[in-house]
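Notes to accompany the following structure.
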Ligand code: HDD
Ligand code: HEM
Ligand code: HEM
């Protein structure tokens, strides 16, 4: 089950992610408050976990809508069955998405009291609208999940529309907060006091539009490739029916559009960085010294003497891509004081991994549609080339998740040492609490168990579906109700 | 009323809704936990599943509403609470995570053993979590959260007022949930189930009433500001909660659970508003008033736009959800 492997895979990503962040933060930890390091680790773990579920929360309703629509309006039984199954999967994913999101809203305050105390009334507004969006989302989740066989099919289908919209609005709102942290606006600082607060300006800051666009597209890559991967594996295992083809192609269409547009959006996102966060760009590009024109640096790292080692350099490309110029140099690390630089190697590597995986996934989408145009069936698992395609597809979900995670690491680690870029350093926001380590380890355990629980439950659902148990009776309900072919009838509501 | 107080009222309305709607969800864990063995308890557990299934995610968002309005509108009262009360808050959020995920997992668990495991996690965390939230309220109400620096990590929430707050929270959640479950079960085909739930709820109601009344006594010394408020400004609410609570018990006794739902909600709402009214105008008792805690005026105004939108959009949708869920439940019972 690649979807499940994907979840496992993300855990690994996280293990290495936390290992990396702990390495990078060591250097500066002497005078830092005791709560800083555990708070960073905790933030990375819980955000990195939530964001995977969030992707499903944003994109899955739209993908189910497409499938369910087909089922209702074209009277396609395969599509109907897929939509119904997906809605059960989404019930599990949405539940853990919602609880892990709640953890985050606590953590913003628990871990970063200095941030919320000082800037709460600047950055709070988007959070309030986010809460509003999630409210509506949760309401319509309840209606959709329990509405099967109880609402008129055409009305029931429409419950997905507000879910799809509110997921997008919610994403915009949280990204407004993150974009504000990257390019703070909407307030003045006079004598160390935050004054002249303009909450709407902070909400609709200049950076949010592109950041949101990039993240929104990413959600469709993550959800689309993960779901398509499940059916790719099924086809590899010899299940070649229409059910599997349909289950593959619908999410794959979404994933393809997303994968092909993502590099374009990403390029525009990066193009602004030279202006607003030059130190981040320098770290991403591993530009140790100013060069005109700047090369593009592939791989490599900066050693303890500040020298670039082991990199492949492609002349001109750095200036062309990052600065959209043939000669203008990329900002370089030596222009900044040591204490103003982010962890360079981590930023550089995560950026490059994101790009590499992004190009790979775009290539995968292009190959499929090209082949289809030439009438080669890449889903015919009897052919060797198709099998290769499906094998690669089986990993596409993990790859999309990894691209999204590394993208976030680039953004978040590259923003260091600032929590609010140029205004507040991360140590100033942390609490003085060494006990946070305890909380961190408890969180690790709970999240690990939650991951395992989700895997076990989703796996068992798939197993029972393959066996033909469409209705998945709850083990608590000894079949009192009779004659109900679907489990919806066994789940009366309040 | 000043702008600050209007926003504080909007925030407190969120607390009230969370106490009532979220509380009923949490409280159902109590009956799940005490339902008995997996065969004999199956009916109660299924009733719990049916009752909260469609609504728990929505009910739970009230908490998020409260948090975001709080830190946006009253940042300087938010930071101290987060610094001092990190332990109970973290335990509460842990409980929320465990119960939400275990509830979803149990529904689709394959084997009875697995369902039983997730069921225990769900039920235990549902019962315990309100304690920590109540303890946080008790800490604020007894003036144990200093505006500057940090209060004691443990004594701030392990003290008479907080413990009472926690126990009252557990009791009121269980009581509310119980009344709703009895009302649901009474409309269903299973008379035994309704009868056995009714007995439990009567016991829980008497116990909770005793805790609330007995709990008032230590407040005199432990939380004098709150005590003064409760015995003066908020006295009508205190009396109302006692009357409504007693009325609920009577209505259950005479088998009118449908009406008892309204008095039960009224009783819980009166207890919670009594606390709010009792500590007004303090945000953090004896430390920061509502007016002093408020953030920028522009933000408060913008926040009211969000709250207004929420009332316009969430109000009808939530009403539709609760109404539809009730309708489904009635249809399924026949
Ligand atoms: C499936 C996911 C995915 C894929 C394939 C890509 N990205 Fe990305 N990228 C993200 C997912 C992502 C992200 C996780 O969504 C980030 C983190 C913050 C954000 O807004 O988007 C991000 C951040 C991010 C940033 C940093 C912005 C900042 O720090 O402010 C840049 C410059 C790019 N991306 C550029 C690209 C380019 C040129 C890509 C071309 C292949 C690319 N991304 C593929
Ligand atoms: C839009 C939502 C997000 C917001 C508002 C947000 C906010 C924050 C905050 C407040 C911190 C702590 C302060 C700091 O270290 O600078 C932080 C750190 C961090 N976040 Fe995010 N974040 C978001 C999304 C993500 C996602 C999705 C990831 C996924 C991996 C992520 C990864 C990290 C990491 C790795 C750190 C630690 C950085 C370090 O200390 O080196 N963030 N984030
Ligand atoms: C880029 C980052 C993020 C995205 C795209 C995102 C998106 C989402 C989505 C779509 C949901 C609905 C969950 C579901 O039903 O599956 C959700 C839930 C939630 N998120 Fe996030 N989120 C992000 C980061 C954050 C951050 C930084 C916070 C808080 C500080 C947060 C707080 C919440 C909360 C409280 C919920 C639960 C709402 C509920 O109960 O339904 N999220 N998020």
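Every residue gets a Cβ built from N, Cα and C, even glycine.
Automatic prediction, not curation, is the source of TrEMBL annotations.
These features come from TrEMBL:
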type	residues	note
TRANSMEM	A:47-69	transmembrane segment
TRANSMEM	A:89-112	transmembrane segment
TRANSMEM	A:124-145	transmembrane segment
TRANSMEM	A:157-181	transmembrane segment
TRANSMEM	A:213-234	transmembrane segment
TRANSMEM	A:246-265	transmembrane segment
TRANSMEM	A:349-371	transmembrane segment
TRANSMEM	A:392-411	transmembrane segment
TRANSMEM	A:438-458	transmembrane segment
REGION	A:469-494	region 'Disordered'
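As a quick check, the transmembrane segment (A:89-112) and the transmembrane segment (A:438-458) clear the bar of 3 or more Cβ pairs under 8 A, pairs 6 or more apart, so the two touch.
By the Cβ criterion (under 8 Å, sequence separation of 6 or more), the transmembrane segment (A:157-181) is not in contact with the transmembrane segment (A:349-371), since fewer than 3 such pairs are found. Annotation: stretch A:213-234 has the most Cβ pairs under 8 Å to the transmembrane segment (A:392-411), among A:47-69, A:213-234, A:349-371, A:438-458. At the 8 Å Cβ cutoff, the transmembrane segment (A:47-69) and the transmembrane segment (A:213-234) share at least 3 close pairs (sequence separation 6 or more) and count as touching. Counting residues 6+ beyond its ends, the transmembrane segment (A:349-371) has Cβ neighbours under 8 Å at 221, 225, 252, 255-256, 259-260, 262-263, 266, 284, 298-299, 301, 377-378, 389, 392-393, 396, 399-400, 402-404, 406-407, 409-410, 413-414 in the same chain. When Cβ-Cβ distances below 8 Å are used as the criterion, the transmembrane segment (A:213-234) is approached by residues 1-3, 6, 52, 54-56, 58-60, 62-63, 86, 168, 171, 175, 244-245, 247-249, 251-259, 261-262, 265-266, 269, 361, 390, 393-401, 403-404, 407 of the same chain, each at least six residues removed from its ends.
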